[in-house]
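Novice: What follows is a structure written as structure tokens; I'll ask about it next.
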Amino acid sequence: MVAFVLRKVSFMVVTLFLLASLTFVLMNVIPGSPLQSEKATSEQVKKNLEAYYGLDKPMFERYITYMDNLIHGDLGVSMKKKFQTVERMISSSFPYSLRLGLVSVVTSVAGGVILGTLAALYHRRFLDHFAMIIAVIGLAVPSLIMGPLLQYIFSVKLGWFSVAGLKGPLDYILPTIALSASSIAVIARLIRSTMVEVMNGDFIKTAKAKGLTGHMIVWRHALRNSMLPVVTYLGFMIANVITGSVVVEQIFAIPGLGKFFVSSIIDRDYPLIMGTTIFYAAILLVGRFIADIAYVLVDPRIRLKGGKAGA
Amino acid sequence: MKVDKKKGLLLPLVVVMMLAAVLSACSNNNNGNNAAPSGSASSSPSASASESTDVKKGGEFRFTLASEPPSLDPALMTDAQSSIVAAGLYEGLYRLNSAGEPEPAIATGDEVSDDGLTYTFKLRDDATWSNGDKVTANDFVYAWKRALNPETASEYAYMLFYIKGGEEYNSGKGSADDVAVKAVNDTTLEVTLKSATPYFPSLVSHYTYLPVHQATVDANPAWAADASTIVSNGPFLLKEWAHEDKLVLEPNPTYFDKDKVNFSKVTISLVEDENTVYNLFETGDIDWIGAQAGSVPTDRTAQVIADGSAEVQAIASTYYYVFNTQKAPFNNVKIRKAFSMAIDRQSIIDNVTQANQTPAYALVPPSIAGTDGKLFREMYPDTGFFSENVEEAKKLLEEGLKEEGLTALPKITLLYNTSEGHKAIAEAAADMWKQNLGVEVAVTNQEWGTFLETRDAGQFDIARAGWGADFNHAINFTYDLIHPKSLNNDGKYSNEQVGKWLDESLAATDEKARLDLIAKAEKQAMDDMAVLPFYYYTTVTMVKDDIQGVTSDYAGHIDWVFGSKK
């Protein structure tokens with residue numbers, strides 16, 4: 001287990017390094033500059049700004065400086081937002097995305113498992129069709145449509161929720177639905193298809209023969225086996241969701257991390273591009289790492305391999 | 001049995017989704033029904049509190065900005081968001097009123113030397129900084145030299161190049177001591193300019209000319225990035241700056257003219273999505289949309305103008321297309337004219353942009369001031385400059401082609417920066433060229449940064465452009481856009497005569513004579529069809545009934561500082 005973890009961690013560090021390097025090169029070679037503005041000011045002013053941000057130096061030199069700072073935990077200062085450190089921008093916006101993301105993960109798993117299980121247990125009956133129709137809607141309607149729709153109906157017309165912001169617990173409801181709809185659908189479909197298969201497996205028949213009750217079978221055997229693909233999916237999904245959705249955060253005016261992924265690139269805010277990319281990659285890698293470990297915990301076959309009772 | 005329990009959990013979700021589907025089907029017919037305040041109960045407790053009070057003094061004013069100010073340091077500000085907030089936080093020598101005329105603020109008046117070069121500003125002695133220090137002439141001297149200091153790396157330093165020695169200092173060729181601004185005493189500021197600049201009083205209202213508090217700035221370069229460290233001298237103080245979320249301003253108790261300040265609180269939420277802004281207005285969570293403080297979604301514009309819930313106001317910005325005058329076929333004036341005359345501007349405004357913009361036949365927009373209380377466009381209307389005439393355009397195109405020895409036009413590309421609005425206009429224009437001239441124009445778009453680089457490099461045939469005022473004078477739309485030496489003359493239009501007239505206009509001592517020269521240069525540029533003007537921008541604004549005195553200024557920025565709530 002220790003060797004497994006060590007190998008994974010060193011792999012993560014190498015990945016991060018390569019990714020940071022690649023991003024640095026790419027953002028520098030694409031057209032545009034952090035100093036771009038519609039109004040040309042004066043050549044002199046431009047030179048002063050280039051000197052100020054070190055943009056007059058060759059790319060390789062800037063790369064070495066950046067990496068050196070990065071190793072020392074310094075992500076630099078935004079070139080667009082004057083005197084705001086990238087670290088502060090990420091650390092003050094991430095909690096919003098994280099909270100909303102976690103609520104959304106829990107909602108997705110709960111909603112997906114419930115829908116999927118129902119569909120599997122009532123395979124090819126009304127509840128199955130019904131659950132799958134909901135799943136298809138969730139998957140087919142993007143948050144770009146769902147967000148404004150929910151906002152218009154429940155905030156503007158019915159006045160049940162506030163239009164924007166994330167101030168109280170109620171404010172989480174609409175963004176969470178918009179953010180979770182598609183994951184609920186994906187998880188429900190994953191659960192349904194594996195569970196239908198699992199329920200026909202020999203070991204379920206054995207369990208039935210042993211006289212276990214219906215819900216014990218579903219809970220102890222079927223669901224646990226059906227969770228495997230969900231765990232794989234969760235690794236990606238968590239990383240995506242907790243780093244903030246550009247669309248949902250924009251619609252509900254949530255001051256989260258999501259918008260920086262887009263705005264940093266539009267502004268060519270080099271330090272912020274690097275900061276958000278590295279941060280997102282780190283979260284994604286950790287998410288996958290946790291998923292790997294969760295796999296070991298959930299999958300009885302993997303546990304058997306490592307356990308004493310093996311063949 | 002277990003299953004039944006789970007159904008219980010599932011039901012609310014199902015109900016919510018079904019409700020969503022049903023309601024969306026029947027909610028289309030509720031236009032402008034914002035009289036019933038359904039009120040988002042959870043969000044703003046202060047809203048209900050301020051609704052009950054019915055006094056002129058006090059009350060909260062709430063609006064949105066699409067993104068947070070990149071900086072609140074006067075030397076580093078470059079954008080509308082920053083300037084809208086800064087208008088409340090700082091007080092300069094003069095302050096522009098809504099019509100765009102400078103009015104005394106920290107300065108009570110100025111004296112100009114006979115040659116028009118030296119301005120002596122008399123400062124009031126009762127203005128203070130938020131930490132209690134007096135605002136003195138030295139604060140201005142320090143602020144201006146700091147913005148010019150190359151190490152400050154101020155993008156708008158060029159706004160101070162009018163001052164003698166300013167450009168030299170900024171380029172490292174001169175020293176700070178050679179910048180001709182000095183404090184004669186605490187209440188007298190003397191500035192010498194490079195050349196006579198009669199619109200200097202209007203310039204000193206610009207945010208780059210705002211004073212800063214020296215000790216604060218010296219102690220902490222990042223002083224303006226947080227509410228707790230900002231020291232300011234304006235009508236309002238920054239109480240809270242929750243980055244990427246909101247800014248909260250409250251009246252400055254030591255402001256010298258505090259009787260003029262009415263709002264007891266101003267909340268600026270940072271909301272990017274236009275539909276969300278509109279919804280916030282509908283639910284009564286904000287009091288204002290428009291003039292760079294949120295904008296009415298395009299698909300609602302026509303409707304809110306028609307039902308009278310919005311106001312349309314001309315602003316000092318021009319939408320135009322740049323011809324690449326250095327490259328065939330648009331090096332030929334007749335071909336340029338043909339393209340411009342083949343566009344039906346009113347039709348594009350009526351069918352595409354839909355915000356009652358004014359068709360443009362020149363560069364200077366209608367809200368820019370002229371002289372003697374008249375607007376520039378009232379003195380020099382752009383009606384006779386050229387006409388939209390398809391037959392004439394066809395003829396010109398043929399003649400132009402002959403002059404260039406061409407039998408057909410080469411492949412022409414129209415470049416714009418990626419946006420739905422620009423796309424719709426570009427496609428409409430391309431369609432008109434095809435219908436009216438039989439010319440195929442390919443429309444292509446690039447992301448903003450790439451677009452700017454391509455346009456600067458002259459790699460285009462026709463490119464989209466827009467220009468908004470930096471200060472309220474026609475020179476800002478002529479010298480910057482059509483002078484052969486201007487860096488913003490992206491089409492590289494080069495007529496030495498136009499350059500000469502514009503240079504002379506800067507040197508003219510009489511304002512009428514100056515405007516005459518500018519108008520002459522503008523007319524010549526339009527005779528040459530240096531660019532293809534489309535329309536003068538408008539801003540569509542909506543305001544709650546109980547808010548008074550908040551408007552859009554001449555440049556199209558919200559002017560909220562001295563507004564009030566009923």
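Note that Cβ sites are derived from N, Cα and C of the backbone, with glycine treated the same way.
Just so you know, TrEMBL annotations are computer predictions that nobody has curated.
TrEMBL lists these features:
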type     : residues  : note
TRANSMEM : A:9-30    : transmembrane segment
DOMAIN   : A:94-291  : domain 'ABC transmembrane type-1'
TRANSMEM : A:98-122  : transmembrane segment
TRANSMEM : A:129-152 : transmembrane segment
TRANSMEM : A:172-191 : transmembrane segment
TRANSMEM : A:230-252 : transmembrane segment
TRANSMEM : A:272-298 : transmembrane segment
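Walk me through the surroundings of each of these features.
Specialist: Note on the transmembrane segment (A:9-30): residues 59, 62-63, 66-67, 70, 265, 268, 270, 273-274, 277-278, 281-282, 285-286, 289 of its chain, located 6 or more positions outside it, place their CB under 8 angstroms from a CB of the stretch.
Same-chain neighbours of the transmembrane segment (A:98-122): 128, 131-132, 134-135, 166, 172, 175-177, 179-180, 183-192, 195-196, 199, 218, 222-223, 226, 230, 234, 237-238, 241-244, 248, 254, 256, counting only residues six or more beyond its ends whose CB sits under 8 Å from a CB of the stretch.
For the transmembrane segment (A:230-252), the residues of the chain that approach it from at least six positions outside its boundaries are 93-94, 96-98, 100-102, 104-105, 108-109, 112-113, 142-144, 147-148, 151, 163-166, 171, 174-175, 178-179, 183, 186-187, 190-191, 258-259, 261-262, 279-280, 283-284, 286-288, 290-292, 294-295, 298, judged by C-beta separation under 8 angstroms.
Panel annotation: around the transmembrane segment (A:272-298), residues 8-9, 12, 15-16, 19-20, 23-24, 27, 66, 70, 75-76, 78-80, 86-87, 89-90, 94, 224, 227-228, 231-232, 234-236, 238-240, 242-243, 257, 260-261, 264-265, 306 of the same chain, lying at least six beyond its termini, place a Cβ under 8 Å from a Cβ of the stretch.
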